[in-house]
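Pulled from Swiss-Prot:
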| type | residues | note |
| --- | --- | --- |
| BINDING | 13, 46, 66, 76, 77, 156, 189, 207, 208, 217, 218 | substrate binding site |
| ACT_SITE | 75 | active site, proton donor |
| ACT_SITE | 216 | active site, proton acceptor |
């Protein structure tokens, strides 16, 4: 069996998109890892499965798998990509994407960018969640120079660390340590943020289950909320990421809106070796190698 896929990205945060609305595709953890592998698979930050909606108000259900096979409850960049696909296919400018954490209402803009209502920011420690009660404005989770996190839930957990120089942070070393910090029972996405102006933030991200990525939509939302809560910015700002920038707004009703571009890189077909149930089993090496 061969399945077609789309390779899409939002600011370089890239996805393998598989349409399973008519033909179910129960991806195994091993298959997800194989597809996401950048050397032997297609390669991506996340795999996105399009499934039939559970909620009557939704156009479809979006399932998100990380490169390690774990599931994510939210991904802002993937939501924009999926909303653009549905809008293009239906001719409608407004689309509702269902995820494991709720409904996300999206609007296709005239310039091709997409605005997503990411829902309300979750600020209570039980909603992140944390392993113990703390004021999420200042959480005693840290490693090395990264201390004093501001935690925000955006359908997935985020810990934002404000620094003087985001480029100087060794995120490849500190990211995995903080992702698995004991205060984060579901692990955590880690953002390092440098405020450049009241409406401009430089941010780098370590995503749980994926590592360093070029952009993170939900992380950008969490960063703006954290900065506004600490009085470092207003309630709307550009978030400058490795792959480009997103415009984030935190409205008075608590909802966070994200606007940014989408792109399709290419289409392709998954070979049988990458599909669930058909991954080759490990074969022992022969005792001698033929000449």
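Indices start at 1 and increase along the chain as displayed.
Cβ coordinates come from backbone N, Cα and C, glycine included.
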Taking residues 13, 46, 66, 76, 77, 156, 189, 207, 208, 217, 218, which bind substrate in the record, the widest Cα spacing (Å, whole number): 17
189, 208, 216 screened against residue 75 (active site, proton donor), Cα within 10 Å - retained recorded positions: 216
Cα-to-Cα gap, residue 77 (substrate binding site) vs the residue listed as 'active site, proton acceptor', nearest whole Å: 6
Winner by Cβ contact number (other Cβ atoms within 10 Å) across the active-site residues 75, 216: 216
Among 13, 77, 189, 218, the most crowded of the binding-site residues [Cβ within 10 Å]: 77
Between residue 208 (substrate binding site) and residue 216 (active site, proton acceptor), the C-alpha gap once rounded to whole angstrom: 11
In the chain carrying residue 66 (substrate binding site), residues 6 or more apart in sequence that have Cβ under 8 angstroms from it: 32, 36, 46, 72, 207, 208, 209, 210
Additional residues around substrate, ordered along the sequence, whose Cβ is within 8 Å of the centroid of 13, 46, 66, 76, 77, 156, 189, 207, 208, 217, 218: 45, 64, 72, 74, 75, 78, 205, 210, 213, 216, 219
